[in-house]
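Participant: From Swiss-Prot, for reference:
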DISULFID  Cys24-Cys188  disulfide bond
DISULFID  Cys99-Cys192  disulfide bond
CARBOHYD  Asn21  N-linked glycosylation site
REGION    176-189  region 'Extracellular Loop 2 (ECL2)'
TOPO_DOM  1-38  topological domain 'Extracellular'
TOPO_DOM  60-70  topological domain 'Cytoplasmic'
TOPO_DOM  92-109  topological domain 'Extracellular'
TOPO_DOM  131-154  topological domain 'Cytoplasmic'
TOPO_DOM  176-204  topological domain 'Extracellular'
TOPO_DOM  226-253  topological domain 'Cytoplasmic'
TOPO_DOM  275-284  topological domain 'Extracellular'
TOPO_DOM  308-337  topological domain 'Cytoplasmic'
TRANSMEM  39-59  transmembrane segment
TRANSMEM  71-91  transmembrane segment
TRANSMEM  110-130  transmembrane segment
TRANSMEM  155-175  transmembrane segment
TRANSMEM  205-225  transmembrane segment
TRANSMEM  254-274  transmembrane segment
TRANSMEM  285-307  transmembrane segment
Amino acid sequence: MRAVLLPGSGEQPAAFCYQVNGSCPRTVHPLAIRVLIYLACAVGMLITVLGNLFVVFAVSYFKVLHTPTNFLLLSLALADMLLGLLVLPLSTVRSVESCWFFGDFLCRLHTYLDTLFCLTSIFHLCFISIDRHCAICDPLLYPSKFTVRIALRYIAAGWGIPAAYTAFFLYTDVVERALSQWLEEMPCVGSCQLLFNKFWGWLNFPAFFIPCLIMISLYLKIFVVATRQAQQIRTLSQSLSGAVKRERKAAKTLGIAVGIYLVCWLPFTVDTLVDSLLNFVTPPLVFDIFIWFAYFNSACNPIIYVFSYRWFRKALKLLLSREILSPRTQTADLFHD
């Protein structure tokens, strides 16, 4: 396929994705810009995959981390890691080349995995908010109310519901037959936008905001209770005081993770709703920026843990040293020096 850049122009639709009628126009970027974007995306994918892989390994390996909250963190990290491993490479090519070159089967599979991992993330953050709410607001009953078995049920729901939900829309024709007037065919050959239509724009909005409202309301209550506990903490014994402080620290850290998630995903979610009302007028470049800003969230959580959790930093130090080969390392106490 020939692509020609006009002299003095940075980029322009100078070619088509395929040499067929109805092909999508292809925006050709200068080689230097393409290489720069590929390198930036590669670094982002590396941080996403390795950072979340370490979370998965640390929680799995160190027995002291086998708690309900950490199992939820492990499952969340697994979703983010798989996003970086299976979704982002093809998304990078699509964004840089402005075309989908991988066929209809991979288009549908890529869309399925993309939606699955993103919905799984928000479900897990919602469940983690419930866990922190129980730990802070009802600390005496928390160990019996939120057990490992309960956490595993939440994890199963966090994966199962998004998997069934996304498969229903992508691999059945029920919605297509019932709401054909709302749905549009693929705008052109070489595009992979199966779920970007008016119906999905309206459906995506509550799927994002209902869990977000739940998380915000829970963390507001956590903040009120934690403030009250801070005034009472001096009267507690030293051991109980330390336990309460650890729970509050975890709630604060995970609250930051939820806040960053909202900031990263809000532009994309609002745009999908508004764009469906305005007949999809968002420029492709702006839409790609919103998508990648949302993807960026998957790399954030391990970075948050590094700066917030002593156990995470200690586990990282052990992983990068020879001590990881010692059988005693698996039972190491990561919470004390």
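Even glycines carry a Cβ here, placed using N, Cα and C.
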Participant: Counting only pairs at least 6 apart in sequence, do the transmembrane segment (110-130) and the transmembrane segment (205-225) share 3+ Cβ pairs under 8 Å?
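Facilitator: When sequence-distant Cβ pairs are counted, the transmembrane segment (205-225) touches the transmembrane segment (110-130), since at least 3 lie under 8 Å.
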Participant: For Asn21 (N-linked glycosylation site), which of the disulfide-bonded residues Cys99, Cys188, Cys192 has the nearest Cα in space?
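Facilitator: Ranked by Cα distance from Asn21 (N-linked glycosylation site), first place goes to Cys188.
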Participant: Measuring Cα to Cα, how far is Cys99 (disulfide bond) from Cys188 (disulfide bond) in Å?
Facilitator: 10
Participant: What Cα-Cα separation, expressed in whole Å, is found between Cys192 (disulfide bond) and Cys24 (disulfide bond)?
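Facilitator: Cα of Cys192 (disulfide bond) to Cα of Cys24 (disulfide bond) measures 10 Å after rounding.
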Participant: Can you tell me how many other Cβ atoms are located within 10 Å of the Cβ belonging to the residue listed as 'N-linked glycosylation site'?
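Facilitator: Looking across every protein chain shown, the total is 8.
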Participant: Given the disulfide-bonded residues Cys24, Cys188, Cys192, which one has the fewest other C-beta atoms within 10 angstroms of its C-beta?
Facilitator: Cys188
Participant: Check Cys188 (disulfide bond) against DSSP and tell me helix, strand or coil, would you?
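Facilitator: Coil, per DSSP.
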Participant: Might you confirm whether the transmembrane segment (155-175) is in contact with the transmembrane segment (39-59), defined here as three or more C-beta pairs under 8 A between residues 6 or more apart in sequence?
Facilitator: no
Participant: For Cys99 (disulfide bond), what is the secondary structure state per DSSP, taken as helix, strand or coil?
Facilitator: coil
Participant: For Cys99 (disulfide bond), what is the tally of other C-beta atoms lying within 10 angstroms of its C-beta?
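Facilitator: Neighbour count, Cβ to Cβ under the 10 Å cut-off: 23.
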Participant: Helix, strand, coil: count each for the residues of the topological domain 'Cytoplasmic' (60-70), based on DSSP.
Facilitator: 8 helix, 0 strand, 3 coil
Participant: Which residue counts does DSSP yield for the topological domain 'Cytoplasmic' (308-337) in the helix, strand and coil classes, in that order?
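Facilitator: Each residue of the topological domain 'Cytoplasmic' (308-337) counted once, the result is 20 helix, 0 strand, 10 coil.
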